[in-house]
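Chemist: Here's the feature list from TrEMBL:
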- TYR206: active site (ACT_SITE)
- HIS214: active site (ACT_SITE)
- LYS246: active site (ACT_SITE)
- 107-119: compositional bias 'Low complexity' (COMPBIAS)
- 179-257: domain 'tRNA intron endonuclease catalytic' (DOMAIN)
- 53-122: region 'Disordered' (REGION)
Amino acid sequence: MPEEVVLLVEKQLAVLIDDPHAHHRPLSSQLEKWNAERIGGIQAQIAASEVKEAQDQAASRSMSEAAIRKRKEREEKRAAAARAKALAEGNDPNSAAESIFTPTPTPSSQTPNTQSPNTHVLSGTVGIAPHAVYTVTVPGSSAAELEWYSSHGCAYSTIEDAKAAGIWSYPTNLFERAKCGVFQDLWESGHFMGGGIKFGGDFLVYPGDPLRYHSHFVASVIESPIATLKPMEIVAHGRLGTATKKAHLLCGWDDEKREVSYYSIEWAGFG
């Protein structure tokens with residue numbers, strides 16, 4: 001949320017960076033090094049995948065050979081029983097035993113692998129075959145990955161400096177200043193904020209970590225603590241807050257005193 005960005009910058013917990021201008025023109029040696037590292041990572045992934053595939057094939061082949069061995073043992077037992085029966089009946093025991101055996105299939109994993117390798121060399125340049133499967137990792141921070149990235153001269157520690165540089169414009173009017181002021185006041189009192197547009201307000205106000213708590217309030221920001229509210233607005237806020245099991249918080253911002261006054265609306269008998 002832009003209000004959170006303003007708060008973090010004003011508290012000197014973050015800076016704003018002009019990211020497009022922080023990417024300088026790379027040297028050819030830097031590009032070659034980056035590309036070599038990228039291809040090396042891809043080849044390492046493919047090699048690991050091939051090792052895993054070979055292990056899976058070996059395990060499958062081992063299971064197939066065990067199944068064939070058990071089948072032979074069963075056939076030998078049946079052949080021995082057939083010979084004994086043929087001898088008892090005065091027939092040829094060898095012909096009776098031969099009818100028991102069936103051709104032993106060759107495991108599919110023993111067939112030669114004619115697949116082309118996952119990597120190949122063309123004109124001295126390492127390439128990746130089209131059928132190779134690998135994952136491209138997008139770095140979360142350019143500064144940690146690219147040698148030609150530098151935020152020197154492109155970082156702004158105040159909102160005013162960022163506005164002067166043209167990379168940031170929020171807040172631009174009284175209502176946006178009121179939202180920033182309310183956000184900061186609630187944050188300093190230990191609350192966590194989230195977007196409240198789905199609940200008819202500007203913020204959802206949590207008593208703690210949103211992953212552990214449900215929000216207690218839906219907050220609506222008012223530009224002035226003495227602004228006029230229509231009765232239907234108050235009814236709508238109260239009914240909506242009650243329907244979502246929250247109280248509606250009206251936050252009046254005094255731009256001169258830089259203070260917030262709060263009024264909560266709850267439907268009669270709620271809670």
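Every residue, even glycine, has its Cβ placed from backbone N, Cα and C.
What you are looking at is a predicted structure, and each value in this text was computed from that prediction instead of being measured.
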Chemist: Cα-Cα, whole number of Å: TYR206 (active site) versus LYS246 (active site)?
Modeler: 11
Chemist: Relative to the Cβ position of LYS246 (active site), how many further Cβ atoms are located within 10 Å?
Modeler: 23
Chemist: Indicate the candidate from TYR206, HIS214 with the smallest number of other Cβ atoms within 10 Å of its Cβ, considering only these active-site residues.
Modeler: HIS214
Chemist: Where LYS246 (active site) and HIS214 (active site) are concerned, what is their Cα separation in Å, rounded?
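Modeler: About 9 Å separate the Cα atoms of these two residues.
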Chemist: So what pLDDT does the domain 'tRNA intron endonuclease catalytic' (179-257) average out to?
Modeler: 90
